[in-house]
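Notes follow once the structure below has been shown.
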């Protein structure tokens, strides 16, 4: 968990050094994914972290498409190396201090103690209708978005 926190701090500090809107968007996407993994480790319910990452990614996809259509020819990354090297050394030090690879034979079970139980809770017979409804709703929303964006007069589809 200390490694995830240091990764979040590193990504936040890296975000301040980025100049391109595309690289800033990618940094925010990576930060959202890291925060989602951290929340999944803290809260045994996977729904909250899943919803968080889906909301962040859907918003960032819209921003990413808009910015990439505006700033198509910019240089993607330009970061000062004097800033990166100490942070990478610090992250390696934190990673070694956490001792993730223990001598425990049940390594996978110690990392994910609730994974099988959580999978069962998502697809229990009591809520399977809700899960099917959610899948169908998301599929219909995807089809509507694709149909709306495939028009030839849309702002992003202009010659």
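In case you wondered, yes, glycine gets a Cβ from its N, Cα and C as well.
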Select from 75-95, 96-116 the stretch of residues annotated by TrEMBL as transmembrane segment. 75-95
Intrachain neighbours beyond the transmembrane segment (24-43), with Cβ under 8 angstroms and 6 or more residues off its ends: 1, 4-5, 7-8, 11-12, 14-15, 18, 49-50, 52-53, 56-57, 60, 63-64, 67
